[in-house]
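Chemist: For C2, the entry in TrEMBL reads active site, for GATase activity. Residues or ranges marked as L-glutamine binding site by TrEMBL: D97. Residues or ranges marked as ATP binding site by TrEMBL: L257, I289, S364, G365. The domain 'Glutamine amidotransferase type-2' annotation in TrEMBL covers 2-191. Per TrEMBL, site 'Important for beta-aspartyl-AMP intermediate formation' is recorded for E366.
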Amino acid sequence: MCGIWALFGSDECLSVQCLSAMKIAHRGPDAFRFENVNGFTNCCFGFHRLAVVDQLYGMQPIRVKKFPYLWLCYNGEIYNFKQLQKQFGFDFQTLVDGEVILHLYNRGGIEQTASMLDGVFAFILLDTANRKVFLARDTYGVRPLFKVLTDDGFLGVCSEAKGLINLKHSTSLCSKVEPFLPGHYEVLDLKPSGKVASVEVVKFHSCKDEPLHVACDTVEALPSAGFDLETVKSNIRILFENAVRKRLMAHRRIGCLLSGGLDSSLVAAVLLKLMKEINVNYPLQTFAIGMENSPDLLAARKVAAHIGSEHHEVILNTEEGIQAIEEVIFSLETYDITTIRASIGMYLVSKYIRKKTDSVVIFSGEGSDELTQGYIYFHKAPSPEEAAEESERLLKELYLFDVLRADRTTAAHGLELRVPFLDHRFTSYYLSLPAELRIPKNGIEKYLLRLSFEDSNLLPKEILWRPKEAFSDGIASVKKSWFSILQDYIDQQVDDLLLEKAAEKYPFNPPKTKESYYYRQIFEKHYSGRSSWLPHYWMPRWVKATDPSARTLKHYKSATQE
């Protein structure tokens with residue numbers, strides 16, 4: 001996990017522009033480099049490093065003797081770099097996984113490069129010999145990327161929008177900073193002036209498609225095909241375990257977030273099992289946050305005892321949570337209601353990990369709810385086919401919501417996030433299963449995933465079949481949820497009259513509640529006029545919901561009242 005930043009065709013002094021690069025210093029606390037491009041005095045790269053692999057030669061932009069005309073700045077991990085090296089006979093100069101991007105590009109161009117990478121990534125690749133600039137981002141946008149391109153060809157690229165919004169240029173940048181779409185690459189021509197012109201933007205991978213890099217995966221072919229239940233369950237276990245195994249690549253200590261829900265518990269259990277198999281010489285640290293005796297803390301404690309992790313509990317103080325709201329919104333660069341609610345606990349537990357432990361590479365359970373239909377409103381889906389379509393929509397929008405939350409809350413404290421549920425191979429297989437197999441059954445969401453691990457003894461039965469908790473509720477208690485605590489506080493902060501006139505002040509995505517208004521005010525304070533970064537609020541479907549919290553859904557209430 002690092003912070004990348006680059007400018008092409010800057011009219012202003014680069015030493016002044018460089019100040020914008022410092023806005024993302026939190027992403028790479030170990031080192032910083034600012035480098036001009038030879039022959040292009042108005043082009044430069046900025047890089048903040050979190051050293052996770054090859055601590056000696058891992059600085060960026062990466063340049064190797066074999067390709068002196070290539071410059072690479074990337075944020076991410078390429079899990080199959082050794083398999084690609086072996087398959088194509090690449091001669092690596094460093095131990096850095098990202099070096100494979102240079103070799104792939106030299107061998108087959110940008111389309112093959114992006115398609116063959118098994119991992120999470122956002123990168124800027126400069127080819128001065130052919131005067132091209134390439135941008136690319138992984139399928140689910142696990143690693144963030146923003147860009148601004150002016151009409152006269154000035155290009156700015158950064159891991160977070162905050163590194164671009166204050167750039168100086170002769171023309172206005174106001175409305176043009178935008179997220180780079182996941183699963184896409186862009187080709188730009190580099191002119192002698194250092195300015196660029198966009199040539200094409202190409203979608204190189206969809207979540208349903210089996211990725212091209214399957215050919216050089218550690219699990220090359222599944223032992224059996226077909227959709228009979230036992231085969232499917234076996235394949236899910238094989239691919240999920242493989243997804244966790246490949247993410248063990250690190251020279252820094254590995255830890256795991258553990259809410260006690262199904263997703264993080266499965267990740268933690270499989271992770272610890274595999275760490276033992278390869279004789280990792282330190283215990284796995286797991287981390288939970290919540291108020292005293294909250295559902296999440298109690299469940300996480302049970303899981304940690306079962307798997308034998310070194311468990312840490314962070315007690316959430318109400319005042320501390322409320323005080324963190326503004327810095328959380330600044331980190332997130334969004335005003336989405338449920339994203340902010342869920343981010344506060346994750347932000348504070350990440351802060352604890354950074355200050356109190358030496359764990360840096362942090363595993364988490366993001367992506368499972370979208371992939372395996374874990375949200376409570378899936379019980380209301382009109383048909384299995386519509387549920388499948390909704391699952392795909394949620395996956396495509398992860399970069400706006402849960403993946404954004406997970407990246408920013410951890411990156412704010414210099415941690416690197418790993419999310420095995422979003423493994424390309426695992427997700428494409430799960431989405432290939434018949435729609436009927438993937439829906440909730442017997443009143444239980446994620447039924448197929450739970451069933452697949454029922455006989456594994458990885459988790460206690462009551463955890464494996466634990467109902468879905470709204471994240472912001474699991475950290476509190478059902479009687480006095482984090483949701484209710486926030487409402488009580490914000491009710492005092494926003495006047496009724498302000499809310500009545502909210503649509504006049506904020507015509508795009510107008511706030512409908514005091515809570516929403518409060519978050520929007522803070523967002524506009526830091527990112528005025530950039531509300532289009534969030535195309536719409538996250539809301540459940542097929543129910544008449546005015547609030548994104550699971551607590552407002554009938555199914556949730558009946559489940560928690562039993």
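Every residue gets a Cβ built from N, Cα and C, even glycine.
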Chemist: Give the distance between the Cα atoms of C2 (active site, for GATase activity) and S364 (ATP binding site), rounded to the nearest whole Å.
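Modeler: Approximately 18 Å lies between the Cα of C2 (active site, for GATase activity) and that of S364 (ATP binding site).
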Chemist: Taking the Cβ of G365 (ATP binding site) as the centre, how many other Cβ atoms fall within a 10 Å radius?
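Modeler: A 10 Å sphere around the Cβ of G365 (ATP binding site) contains 24 other Cβ atoms.
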Chemist: Setting L257, I289, S364, G365 aside, what same-chain residues sit with their Cβ within 8 Å of the center of the Cβ atoms that define the ATP site, listed in sequence order?
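Modeler: Going along the sequence, the neighbours appear as C256, L258, S259, S264, F287, M346, V349, I362.
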Chemist: Quick check for the class: what is the C-alpha distance, in angstrom and rounded, between E366 (site 'Important for beta-aspartyl-AMP intermediate formation') and L257 (ATP binding site)?
Modeler: 10
Chemist: Rounded to a whole number, how many Å is the Cα of I289 (ATP binding site) away from the Cα of D97 (L-glutamine binding site)?
Modeler: 33
Chemist: Could you tell me the mean pLDDT over the domain 'Glutamine amidotransferase type-2' (2-191), as a whole number?
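Modeler: Averaging the confidence scores along the domain 'Glutamine amidotransferase type-2' (2-191) gives 92.
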Chemist: Closest of the binding-site residues to the residue listed as 'L-glutamine binding site', Cα to Cα, picking from L257, S364, G365?
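Modeler: Looking at Cα distances from the residue listed as 'L-glutamine binding site', the smallest one goes to S364.
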Chemist: Any idea of the Cα spread of the ATP site, L257, I289, S364, G365, as a max distance in Å?
Modeler: 15
